[in-house]
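Asks: One structure is given below, represented as structure tokens, and several questions about it will come after.
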Amino acid sequence: MPLSNSSEPSPSFLLAGLPGLEGAQCWLSIPLCSAYVLAVAGNGAVLLAVRLEPGLHAPMYLFLCMLATVDLALATATVPRTLSFYWFGSREIGLGACLLQMFLIHALSAVESAVLLAMAVDRYVAICHPLRHAAVLTAATTAKVGLLALARGVIFFLPLPLLLLPLPFCGPRALSHSFCLHQDVMNLACANTTPSVVYGLTAILLVMGLDSLLICLSYILILRAVLRLAAWRERLKVFSTCIAHICVVLAFYVPLIGLSVVHRFGKDLAPLVHVIMGNVYILVPAVLNPIIYGVRTKQIQRRILSLI
């Protein structure tokens, strides 16, 4: 496919397919499509179950609805475009569409990180200060937290595409993923990208880095409170209320860290590894989160089964 020269005002990029497996891309896209359908069905079922079950109108499950909404938006912003490439050969993506997709991926990831932190704080207050839980985490407070999480994601990550927009792009414009990420697009610019590098790293550290530290701090305080209980059975019962959230946190941060490591230190890895890690980062949380909470919450199970 011919590439336009660097003098074009709106260059385009080439999405990464499955290197070495181009002939089987159509068939290999079936697992990706299946995972996307599972993510949409699972998160949609969680949203519907919480909406219809009055017993689930509590802060923890309202945060779960926010998490499901973010997962749906994140998967929808990436997977359909990837499938159009695998099925119809539509590999080229314009600069505007690429920057918009990049912004949505990073901003929604920041929102998800903030919601996970809010859920950790909810568990901390429920276990360490149970008498104050209803007064501290009201429905109004939960809504404000959701709006603040959205605003923070937009404010911190809107500058990323704005910093890349005026840069010239020349030479090969082939991405290493089947969607647009900041570092991936930035590396294709043939100009000084220091401001973009510095701001991107600062935003990641101030958002995901700080959130992960605060989540760890919340669980240190929770563990300290749990270990003060006399009976082991009581300790296990109290801590079991955190198991689902811990699994969801791991499902988000482990692929995020894995993708970051591949970007930083995996230049010698096969291109297929980059593509697979990118899809894992997008789809694993969206697929696993509703399964985790569906298994751990009997009310969600009953409501989903009644809907089926």
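Placement of Cβ uses the backbone N, Cα and C atoms for every residue, glycine included.
Just so it is clear, the model here is predicted, and its values are computed rather than measured.
According to TrEMBL, the protein has these features:
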type	residues	note
DOMAIN	42-293	domain 'G-protein coupled receptors family 1 profile'
TRANSMEM	27-49	transmembrane segment
TRANSMEM	61-79	transmembrane segment
TRANSMEM	99-121	transmembrane segment
TRANSMEM	133-158	transmembrane segment
TRANSMEM	197-226	transmembrane segment
TRANSMEM	238-260	transmembrane segment
TRANSMEM	272-295	transmembrane segment
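What's the neighbourhood like for each of these?
Replies: Beyond its flanks by at least six residues, the transmembrane segment (238-260) meets 67, 109, 112-113, 116, 119-120, 123, 126-127, 208, 212, 215, 219, 222-223, 226, 229, 277-278, 280-281, 284-285, 288-289, 292-293, 295-297 of its own chain at Cβ-Cβ distances under 8 Å.
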Asks: In the same chain, which residue numbers or ranges, 6 or more beyond the ends of the transmembrane segment (197-226), come under 8 angstroms Cβ to Cβ?
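Replies: The answer is 106, 109-110, 113-114, 116-117, 120-121, 123-124, 127-128, 152-153, 156-157, 159-160, 163, 182-183, 186, 235, 238-239, 242, 246, 249, 253, 256.
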